[in-house]
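Chemist: What TrEMBL records for this protein is below:
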- 55-80: transmembrane segment (TRANSMEM)
- 92-111: transmembrane segment (TRANSMEM)
- 123-143: transmembrane segment (TRANSMEM)
- 240-262: region 'Disordered' (REGION)
- 305-331: transmembrane segment (TRANSMEM)
- 337-360: transmembrane segment (TRANSMEM)
- 372-391: transmembrane segment (TRANSMEM)
- 443-461: transmembrane segment (TRANSMEM)
- 511-533: transmembrane segment (TRANSMEM)
Amino acid sequence: MDNSGPKKTCCESVRDFFTSAKFLIYMGHALSTWGDRMWNFAVAVFLVELYGNSLLLTAVYGLVVAGSVLLLGAIIGDWVDKNPRLKVAQTSLLVQNSCVILCGILLMVVFQFKEQLVELYNGWILTTCYILVITIANIANLASTATSITIQRDWVVVVAGQDSSTLADMNATVRIIDQLTNILAPMLVGQIMAFGSHFIGCGFISGWNLCSMCVEYALLWTVYQKTPALSMKGGQKEQQQELKQLSTPKDLENSQSPEESSQPLMIEAIVSKPDALKQRGCCYQVSEPLRTLKAGWVAYYNQNIFLAGMSLSFLYMTVLGFDCITTGYAYTQGLNGSVLSLLMGASAVAGICGTVAFTWVRKKCGLIRTGFISGTAQLSCLMLCVVSVFAPGSPLDLSVSPFQDLYSHLMGEKALPEAEHSLSSILNATTASPAEELPPLQSYMSVSLLFAGVIAARIGLWSFDLTVTQLIQENVMESERGVINGVQNSMNYLLDLLHFIMVILAPNPEAFGLLVIISVSFVAMGHVMYFGFAFKSLGSRLFLCCSPEQKVEEVESPSLPTTV
């Protein structure tokens, strides 16, 4: 007899889906990401407008944001680990949205009374406003980092349960939401500022974040109530500490589970502290963040997925993306805004295809092999970018010193005619009017190959990114999930900073070909690291096809690096 009970009707199934924890997480993430994308796009425009069409404030803001995450990533992750999930999610949500609202109001005041503020105290009031905007916006970004770690790296894992396929599907859906909001949100706020004003744009973003904050707060509470496992964080952590105290070193070496084999150094540091910690001095309290930072980086190094995480970070050391650098270079090569908008749309479509491909390839080949296949596909597509460096129409000129602009600026001398296209001129080209665009090139083959390679590589890039993300989710202990992801964010920002420094050192278009070659080299090094991780995990089985029954074997933890 069939004891499964009556089947649900279509309406009941639809209702259950729209009230499930998975769908509510998607909704909350969509609202949060939409607000983030609008703000990240608008704040750069606002800062340029406020400082007289100069990139100085934007550059300072970017440097402050990257440096803050680099230094505080591990500390933020440790805070996420040590506090209840709901408290962390609610606190980071409130801080992030409140800072954006406050920033928006402050910018509205500056836009409305800028002329009066310039005259007060020789402009020091206006300068103070600039400092406050950058500081508050940086706090909002740090809170956004905490939210990302909490929801995308922890809550998603708990809601998915022990089902790797469900986790992969949720990660892919979250990434598709990221791709869509990355296109649509800037378009919306851009149209509002274009047909209205910057004052109206600030007001719209502030109002959006106020409404979104209330809805997201309610969604978080509902997801928390629907998923009892989210409330078990503290108890699980205490059990892991007790097991760590009772287990012998030999037992830990012979363990095969990822949680036991990843050597949780953060827990060891807590367990090994003597009872005398109650008598902490002032110096001990002051140095606590530094010890947390050091312990986080050491724990990250000793993870079994260390090489996989490093491989993802190396992919940030590249100029082959749709950021201000590549966009500015495209303008110097004769591409107008209309063409670039189409290329950005094609890039987003390629990213979505990569996200969909990830779920299909993972089911057929397993998670680790998916990363290997994705990396190979990305690197193969980037070979088109290398070919573009030597194709007709390429501005590559090795006779022009790539450091000429920097040297001329430091020495106070006029740059040579060959080096007049400095970094600022490349970036400012994004705001040039059609009448100011450079004359068309004799051949568009080079720039066409460049963007063909960049767009095609997005398929492998996003699939690889999802692979590493899920590897971290599945192989890092729950009690260390926050700090490890915090350090991972810091590594990403570090390599991203290096890529901007590389552009500053060689800003002229004649040297862009060298930057392309260096970027592809770093991507190749990253995938070599991943190949080392994959081969260490699977050995010769890496190159063999596997059946669904064999895929579970590939998540066995590889042997650990030497403990530092």
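Every residue gets a Cβ built from N, Cα and C, even glycine.
TrEMBL annotations: computationally assigned, not manually curated.
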Chemist: Would you say the transmembrane segment (55-80) and the transmembrane segment (443-461) are touching, if the rule is that at least three C-beta pairs must lie under 8 angstroms and be 6 or more residues apart?
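Modeler: With fewer than 3 qualifying Cβ pairs, these stretches do not touch.
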Chemist: Report, as numbers and ranges, every residue of the chain located at least six residues beyond the transmembrane segment (55-80) whose Cβ falls under 8 Å of a Cβ in that stretch; write 'none' if there are none.
Modeler: 43-44, 47-48, 88, 130, 134-135, 137-138, 141-142, 145-146, 149-150, 154, 266, 289, 292-293, 295-297, 300, 424, 427-428, 481-490, 493-494, 496-497, 500
Chemist: Who are the long-range neighbours of the transmembrane segment (305-331) in its own chain, taking Cβ under 8 Å and residues 6 or more past its ends?
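Modeler: Distant contacts of the transmembrane segment (305-331): 340, 343-344, 347, 371, 375, 382, 385, 426-430, 432, 437-438, 447, 451, 453-454, 457, 461, 464-465, 468, 471-472, 475-476, 484, 488, 491-496, 498-500, 502-503, 509, 512, 515-516, 519-520, 522-523, 525-530, 532-533, 536, 561.
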Chemist: Residues sitting near the transmembrane segment (92-111): Cβ under 8 Å, six or more positions beyond its termini, same chain?
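Modeler: Contacts with the transmembrane segment (92-111): 32, 35, 39, 43, 46, 50, 117, 126, 129, 132-133, 136-137, 139-140, 143-144, 146-147, 150, 197-199, 202-203, 205-206, 209-210, 212-213, 216-217, 220.
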Chemist: So if I exclude everything within five residues of the ends of the transmembrane segment (123-143), which remaining residues of that chain have a CB under 8 angstroms from its CBs? That is, six or more out.
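Modeler: Residues packing against the transmembrane segment (123-143) from afar: 39, 43, 46-47, 50-51, 57, 60-61, 64-65, 68-69, 72, 76, 92-93, 95-97, 99-100, 102-103, 106-107, 109-110, 114, 117.
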